[in-house]
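A.B. asks: I have a structure here, written as structure tokens, and I will follow up with some questions on it.
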Amino acid sequence: MQVYAVGGAIRDELLGKPSQDRDYVVVGATPAEMEAAGYKPVGKDFPVFLHPRTKEEYALARTERKTAMGYKGFAFYCEPDVTLDDDLVRRDLTINAMARAVDADGNLVGPVIDPHGGQRDLAARQFRHVSDAFAEDPVRILRVARFAARFHEFIVAPETVALMRRMVDAGEVDALVAERVWQELARGLMEARPSRMFEVLRQCGALARLLPELDRLWGVPQRADYHPEVDTGVHVMMVIDCAAAMHMPLAVRFAALVHDLGKGTTPEDVLPRHLGHEGRSVELLEEVCKRLRVPNDCRDLAVVVAREHGNIHRSMAFGAAAITRLLERCDALRKPGRFADTLLACEADKRGRKGFESDTYPQRAWLLAALEAAAGVDAGAIARASADDVSQIRERVHAARVQAVQARLDQFSDH
């Protein structure tokens with residue numbers, strides 16, 4: 001049998017980038033031979049084995065045949081007569097369909113095996129599908145979009161865009177399960193230029209099927225004095241790229257993505273104003289989260305950001321009472337970490353505008369100082385002192401917090 005390293009490891013080596021892991025393909029072996037050599041079987045759908053020493057995954061070379069719609073509708077053939085080229089031709093993109101032989105010590109040896117022009121496409125900085133078999137797996141649309149967010153200087157070849165569009169028109173993306181859609185979107189959001197993922201999904205029509213609430217933001221105008229970029233879709237892409245540049249965690253990036261969904265439902269006769277869009281954004285993002293089964297931490301942060309980002313932007317003009325109410329609505333005293341993330345998302349929103357990319361965001365320090373003061377109030381002591389009239393406890397705690405916030409903000413302003 002012969003072992004080859006395939007896919008991303010070869011691509012990244014040619015690009016001079018570090019590769020997190022290697023995919024291995026074994027040609028000319030049977031499952032019994034793999035187990036006899038000490039490999040442990042772990043694959044459910046097709047033969048995959050763990051190396052006895054490194055615990056890396058080794059898959060038998062295989063071919064695929066489409067049997068039903070969706071990404072699970074495949075039959076696999078994994079016999080010893082399957083060649084390396086048979087295995088490579090089923091892969092998604094030419095830049096992922098290259099291989100190098102691996103010796104007994106795990107070292108890459110020999111030249112790059114590149115039957116489909118992957119090196120040429122790397123040089124041209126383009127994603128191009130290997131064959132029409134690409135159309136058999138709709139997850140590949142999401143993968144190409146995610147790769148675009150990682151390798152943001154690459155373009156998608158026109159013929160590949162056309163094929164992806166035909167897949168969308170055929171309803172293939174409608175068969176994707178929610179968990180897989182979220183998994184790919186989340187991974188793309190964590191790449192260097194997440195806006196590229198959504199640009200590619202729009203380009204092939206998939207965004208309108210997967211996230212219509214987001215897709216409808218393009219072409220919706222905003223007030224040019226606040227948003228020189230005008231287009232709401234453009235603004236949201238600037239916001240998520242700003243969040244990525246600030247190395248924010250996934251929950252913050254997702255909140256940045258969905259914070260303005262309500263602007264897509266603003267009546268045309270009131271544009272470019274968007275009064276009340278915050279509440280509409282919350283309703284829409286909750287629908288998105290339910291449909292895609294978004295994790296609770298991402299959903300909860302997104303709700304707070306969508307509902308309160310306007311108030312947070314304006315907070316330096318608020319008095320102590322209004323700031324204290326804002327902190328309480330955000331549940332900042334019980335969840336200070338989430339509130340800190342809320343402020344990061346709002347900072348990305350403020351800076352995700354044409355000409356404002358390098359702006360500072362003093363609201364963050366202002367509100368964190370207010371939170372520190374409010375958190376210093378001993379609510380337990382107030383409760384004990386109010387034992388004779390428990391109905392007044394909440395009001396007295398709130399009043400004490402307002403007083404503490406006022407004192408801290410006076411101090412903050414002096415500096």
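Yeah, the Cβs are placed from backbone N, Cα and C, and that goes for glycine too.
So TrEMBL has the following annotated:
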type: BINDING; residues: GLY8, ARG11, ARG91, ARG143, ARG146; note: CTP binding site
type: BINDING; residues: GLY8, ARG11, ARG91, ARG143, ARG146; note: ATP binding site
type: BINDING; residues: ASP21, ASP23; note: Mg(2+) binding site
type: DOMAIN; residues: 232-333; note: domain 'HD'
A.B. asks: Restricting attention to the domain 'HD' (232-333), give the mean pLDDT.
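C.D. replies: A mean pLDDT of 97 is what the predicted model shows over the domain 'HD' (232-333).
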A.B. asks: Which has the fewest other CB atoms in a 10 Å radius around its CB: ASP21, ASP23, the listed binding-site residues?
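C.D. replies: Looking at the binding-site residues ASP21, ASP23, the Cβ with the fewest others within 10 Å is that of ASP21.
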A.B. asks: Cα-Cα separation of ARG143 (CTP binding site) and ASP23 (Mg(2+) binding site), in Å?
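C.D. replies: About 16 Å separates the two Cα atoms.
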A.B. asks: Say you check the Cα of ASP21 (Mg(2+) binding site) against those of the binding-site residues GLY8, ARG11, ARG91, ARG146; which is nearest?
C.D. replies: GLY8
A.B. asks: Please compare the binding-site residues ARG11, ARG91, ARG143, ARG146 by how many other CB atoms fall within 10 Å of each one's CB, and tell me which has the fewest.
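C.D. replies: Checked ARG11, ARG91, ARG143, ARG146; of these binding-site residues, fewest Cβ neighbours within 10 Å: ARG143.
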A.B. asks: Could you check which of these binding-site residues, GLY8, ARG11, ARG91, ARG146, sit within 10 Å of ASP23 (Mg(2+) binding site), going Cα to Cα?
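C.D. replies: Those near ASP23 (Mg(2+) binding site) - Cα within 10 Å - are GLY8, in sequence order.
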A.B. asks: For the recorded CTP site, enumerate neighbouring residues of the same chain (Cβ within 8 Å of the Cβ centroid of GLY8, ARG11, ARG91, ARG143, ARG146, site residues themselves excluded), in sequence order.
C.D. replies: GLY7, ASP92, LEU93, ILE95, ASN96, PHE147
A.B. asks: How many neighbouring Cβ atoms, not counting its own, are there within 10 Å of the Cβ of GLY8 (CTP binding site)?
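C.D. replies: Result for GLY8 (CTP binding site): 18 other Cβ atoms within 10 Å.
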